[in-house]
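Some features that TrEMBL has for this protein:
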type: DOMAIN; residues: 205-271; note: domain 'Mechanosensitive ion channel MscS'
type: DOMAIN; residues: 278-362; note: domain 'Mechanosensitive ion channel MscS C-terminal'
type: REGION; residues: 371-400; note: region 'Disordered'
type: TRANSMEM; residues: 23-45; note: transmembrane segment
type: TRANSMEM; residues: 82-101; note: transmembrane segment
type: TRANSMEM; residues: 121-138; note: transmembrane segment
type: TRANSMEM; residues: 159-182; note: transmembrane segment
type: TRANSMEM; residues: 188-217; note: transmembrane segment
Amino acid sequence: MQLAFLATLRETLEGFVTVEARLAATAVLLAAAGVTALLLAPRAVRALHRLVRDRVLGSERVPVEVTEFDWHLPVTGIVRTLQFAVVLATGLAALILWGYVNVALAAVTTMAAALPTLGRTVTSVALVAGALIAIDVLETRLDDYAAESDAINQHQKGIVFRVLQLTVLVAAIVGGLTVWGVNLGGLLVGAGFLGIVVGTAARSTIGSLIAGFVLMFSRPFELGDWVEIDGEEGIVADITVINTRIRTAGGEVVVIPNDRVANATVSNRTRLGQLRLSMDVGVDYEADLETAESVVADALAAVSHVENNPPPQVVPKSFGDSAVVLECRFWIDTPSAPKRALATAAVVREVKAALDDAGVKIPYPQRELSGRAETGGFRVADGEEVGSAAVAPPDPTGDD
């Protein structure tokens with residue numbers, strides 16, 4: 001097809017036999033090329049750009065506003081490509097006009113031979129550009145969805161975006177390899193064998209990865225939550241697909257693999273917005289129990305860190321060795337480790353002061369001892385009688 005076109009062009013241009021005619025024809029070619037490359041091509045591309053932006057992307061049927069269209073359709077790059085094509089066509093026409101037909105034929109033959117490679121290159125570039133555009137659109141849609149819906153948080157959005165990004169890139173790479181004629185069968189076999197080897201060597205890592213996706217959808221906690229995981233307590237600082245990091249009250253960062261998190265008991269103390277704390281206080285057995293309960297309840301209600309709804313409770317819990325144990329139950333809002341410490345300290349101070357003012361004794365641990373009557377009771381070192389019978393210390397001289 002290219003050779004037939006060149007033959008027709010050759011017959012047309014060979015009509016210019018004189019030098020003056022060839023100069024005139026060359027001038028016309030250069031003028032036409034200049035007008036086309038410098039005036040028509042830029043205007044045509046800009047008009048197409050405006051048409052796509054206003055008529056297509058600006059339509060109400062397009063659900064997402066494309067804010068980076070100038071990057072997706074680079075006007076300058078397209079104009080430069082058209083200008084290069086015009087210059088190339090003008091050069092070939094000039095060669096034929098001045099009798100260098102063989103040179104023009106060699107150039108066209110070389111370009112025709114390189115055309116498949118050029119086509120593959122253009123297709124590969126188009127695949128890469130399409131993948132980048134698709135990733136950008138997916139990120140925009142995910143951002144909008146995460147902002148408008150409570151079904152997905154920022155952490156989940158990030159993981160979903162990474163998975164979609166990896167999927168798009170893998171699809172683009174597979175498409176590019178197919179365009180260049182690479183045999184994917186061998187690659188798939190090698191990838192399968194490599195997957196078996198890696199899966200065997202990194203079972204714990206793969207288990208943590210799968211557990212990370214499970215945690216992403218089950219959502220037992222989020223960033224900033226105060227949790228206890230497998231005996232470790234702290235604030236959730238980071239959640240990845242491999243592990244979870246919590247920051248303890250002592251300033252340590254504990255890294256827990258996600259497979260451990262998935263199999264452990266997780267206590268989330270932030271999720272409900274309130275947390276009930278409990279504290280035991282002992283009162284003397286001789287104290288009036290109802291009075292002690294009332295005094296402690298009033299003291300709990302007076303603490304600023306304690307919530308009144310639900311109200312604090314004081315419940316007799318057990319008989320201790322030295323006291324009747326009362327369990328103080330009270331609630332704090334927006335729970336955190338520092339707030340728990342403040343509330344506990346304030347409750348201890350307030351309850352202690354209230355019991356002291358009411359004359360209710362908080363007894364020391366004490367033990368009541370008694371001796372058996374058949375053994376004669378107790379004796380002390382100085383010989384004083386203790387117990388039910390008086391027993392004199394033995395005479396060190398042995399005399400009665």
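First residue shown is number 1, and so on along the chain.
Glycine too: its Cβ is placed from the backbone N, Cα and C atoms.
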Query = Per DSSP, what is the residue count of the domain 'Mechanosensitive ion channel MscS' (205-271) in each of helix, strand and coil?
reply = 20 helix, 25 strand, 22 coil
Average model confidence [pLDDT] within the domain 'Mechanosensitive ion channel MscS C-terminal' (278-362) = 92
Key: Contacting positions for the transmembrane segment (23-45) when only residues 6+ beyond its ends and CB under 8 Å are counted   = 13, 16, 75, 78-79, 82-83, 86-87, 89-90, 93-94, 97-98
Note = Across the domain 'Mechanosensitive ion channel MscS C-terminal' (278-362), DSSP yields 35 helix, 23 strand, 27 coil
Other parts of the chain folded back onto the transmembrane segment (159-182), taken as Cβ under 8 Å at six or more residues beyond its ends = 120, 123-124, 127-128, 130-131, 134-135, 138-139, 142, 152, 212-213, 216, 241
